[in-house]
Protein chains: 2
Amino acid sequence: MQVPFKLTILGSSSATPTSERYPTAQVLNVLGRFFLIDCGEGTQQQLRRNRINYSKIDHICISHLHGDHFFGLIGLISTFILQGRRSALHIYAHSELQRYIKFQLDFLQLDQTAFPLIFHPLNFKRPQVIVENKKLRVSSFPLKHRIACCGFLFEELPREANIIKEKIAQYNIPIREIKNIKAGAEFITENGQVIPNAELTIPAPKPRSYAYCSDTAYNEAMIDTIRGVDLLYHEATFAQQDTALAAATFHSTGVQAAQIAKAAEAKKLLIGHFSARYKTPAEILRQARDIFPATEAVKDNASYLVE
Amino acid sequence: MQVPFKLTILGSSSATPTSERYPTAQVLNVLGRFFLIDCGEGTQQQLRRNRINYSKIDHICISHLHGDHFFGLIGLISTFILQGRRSALHIYAHSELQRYIKFQLDFLQLDQTAFPLIFHPLNFKRPQVIVENKKLRVSSFPLKHRIACCGFLFEELPREANIIKEKIAQYNIPIREIKNIKAGAEFITENGQVIPNAELTIPAPKPRSYAYCSDTAYNEAMIDTIRGVDLLYHEATFAQQDTALAAATFHSTGVQAAQIAKAAEAKKLLIGHFSARYKTPAEILRQARDIFPATEAVKDNASYLVE
């Protein structure tokens with residue numbers, strides 16, 4: 001069975017929420033652990049609505065310090081404290097965020113000592129690996145916004161092939177050989193017969209990937225970093241006729257999001273962070289699809305599975 | 001036509017939000033101006049959902065500095081700034097709130113100079129009038145909680161009677177007499193006939209009132225302040241079987257809320273701030289109604305009109 005790699009949209013408005021859209025927050029379920037990406041006001045309520053177990057969130061990535069991307073963080077941390085959390089919480093953000101959270105915890109006289117709260121400062125100059133384990137690598141990379149801002153790339157790491165159990169008995173394969181075969185080796189039987197690796201193994205599923213790019217102006221510099229990504233979320237605050245406004249505010253149009261997706265050879269594009277000036281994102285979506293047909297406009301509480 | 005005096009519930013959860021209930025916030029429409037009472041996380045979104053024009057909010061009353069009662073304030077103030085607000089905003093709260101908001105505005109590098117942001121420190125020792133004009137008086141009064149906490153009482157002031165226009169012509173009443181008649185005087189015609197005031201006027205509608213009591217333990221000290229109130233909101237965090245827990249956390253049960261409503265001779269009681277441990281407030285409501293039948297359990301986005 002394929003293990004999950006699923007994105008859930010908790011909020012997708014731009015600066016101010018609407019009755020339909022919370023401020024920005026997303027949660028990526030990677031192999032059963034949850035990465036929270038941005039944390040706008042109302043995130044903890046949206047987590048409940050989507051039945052996401054708070055205790056499975058160990059990592060929070062904050063793209064930048066505009067309020068619509070992190071005003072929900074103090075409420076979530078307060079709830080962690082009230083719930084008696086014990087496990088470490090890692091926050092990847094601008095180094096200043098630590099001062100902001102510490103001020104609030106002191107102000108609220110909340111005792112946050114029962115669990116380690118670990119801040120990891122982001123690098124806004126160049127791409128950087130921020131989490132890496134046997135299964136997954138998470139990197140931050142610079143976006144182009146009014147203030148220091150990072151995107152995030154989540155990549156499953158290549159897994160070993162699965163050995164076919166019946167073949168172990170059939171060729172009497174010793175246990176010490178299995179590791180090599182999983183890594184791609186052929187097998188030579190006692191009487192010298194060479195069994196090609198392809199006969200012994202089922203290839204591992206292709207590693208999946210997700211990239212998050214919000215908030216950002218049109219930014220070709222990041223294309224190499226996200227090249228070939230399975231799923232790309234790119235902000236699309238404005239429609240094409242408001243391109244000048246997008247440039248002035250360091251945001252993107254749907255067309256620009258689509259151009260990035262196309263240039264980066266993404267498999268699929270999600271757009272969001274729509275300005276409240278548009279009643280619906282229909283026009284932004286249409287303009288994006290003209291350039292990159294595999295585009296969807298996200299909705300709050302919708303999930304997108306990377307297959 | 002009766003002018004509005006209407007309460008809208010924006011949030012009614014206790015410490016942490018649920019998928020059904022936002023943290024505490026309410027808005028009272030008094031004669032077309034809006035008083036925001038507490039401002040939990042998500043308040044600005046709930047204001048939009050209830051189509052309440054942000055620019056008609058001039059007064060925000062914050063009962064106490066637990067996060068579930070004011071985490072939405074910085075987001076709302078940020079939005080006021082983004083929207084180019086010009087009119088003064090008055091905030092009635094613990095004096096420390098000013099330091100908290102100022103820190104955040106500085107941190108966010110938000111320029112809040114286009115409108116006056118005026119903090120009024122609450123008195124946690126005794127009742128105090130915080131707003132008074134010709135039509136309305138708003139008072140704060142101490143509640144009994146773990147930290148300094150105030151309730152708020154909104155009282156329409158008695159209005160003059162309306163003079164019946166036909167009577168002015170019928171008795172040839174000079175303009176200089178109208179003020180006295182509205183204030184209750186009889187009228188003596190040129191030929192000495194005494195016209196009783198009741199024949200000349202229609203009494204003004206009875207002044208309406210609303211009292212907000214959250215968060216608080218059972219607190220008889222406030223009964224005199226809220227006596228005879230038309231509508232009373234009183235927190236009811238716990239069910240009767242958890243009375244000890246209510247006492248330990250300085251909260252109330254539904255029964256205690258009802259006892260206060262009964263002792264204060266309130267016309268109607270609303271209960272809320274329910275602990276997330278109860279799936280529904282049905283039992284808390286039943287226990288309260290045994291003591292004070294005119295009780296309702298509030299729902300988010302519901303409005304309650306004081307007739």
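Each residue, glycine too, has its Cβ placed from N, Cα and C.
What TrEMBL says about a protein is an automatic prediction, not a curated fact.
Residues or ranges marked as Zn(2+) 1 binding site in TrEMBL: A:H64, A:H66, A:H145, A:D215. Residues or ranges marked as active site, proton acceptor in TrEMBL: A:D68. TrEMBL lists A:D68, A:H69, A:D215, A:H273 with the feature Zn(2+) 2 binding site.
Projection of TrEMBL feature records onto the structure.
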residue : record                       : contacts (Cβ under 8 Å, 6+ apart)
A:H64   : Zn(2+) 1 binding site        : A:H94, A:L143, A:H145, A:I147, A:A148, A:C149, A:C150, A:D215
A:H66   : Zn(2+) 1 binding site        : A:A15, A:I147, A:D215
A:D68   : active site, proton acceptor : A:S13, A:S14, A:A15, A:T16, A:P17, A:P23, A:T24, A:G40, A:E41
A:H69   : Zn(2+) 2 binding site        : A:P23, A:T24, A:D38, A:C39, A:G40, A:I62, A:S63, A:D215
A:H273  : Zn(2+) 2 binding site        : A:S12, A:S13, A:S14, A:T24, A:S214, A:D215, A:E235, A:A236, A:T237, A:H251
- [ ] Using all protein chains in view, find how many other C-beta atoms are within 10 Å of the C-beta of A:D215 (Zn(2+) 1 binding site).
- [x] 27
Task: DSSP three-state assignment for A:H145 (Zn(2+) 1 binding site) - done: coil
Task: Other residues, Cβ within 8 Å of A:H64, A:H66, A:H145, A:D215 Cβ centroid (Zn(2+) 1 site) - done: A:S63, A:L65, A:H69, A:L143, A:R146, A:I147, A:C149, A:S214, A:T216, A:F250
- [ ] Around the recorded Zn(2+) 2 site, report the further residues of that chain (criterion: Cβ within 8 Å of the mean position of the Cβ atoms of A:D68, A:H69, A:D215, A:H273; site residues excluded), sequence-ordered.
- [x] A:S14, A:A15, A:P23, A:T24, A:D38, A:G40, A:S63, A:H64, A:H66, A:S214, A:E235
Task: Coarse DSSP state, helix versus strand versus coil, of A:H69 (Zn(2+) 2 binding site) - done: helix
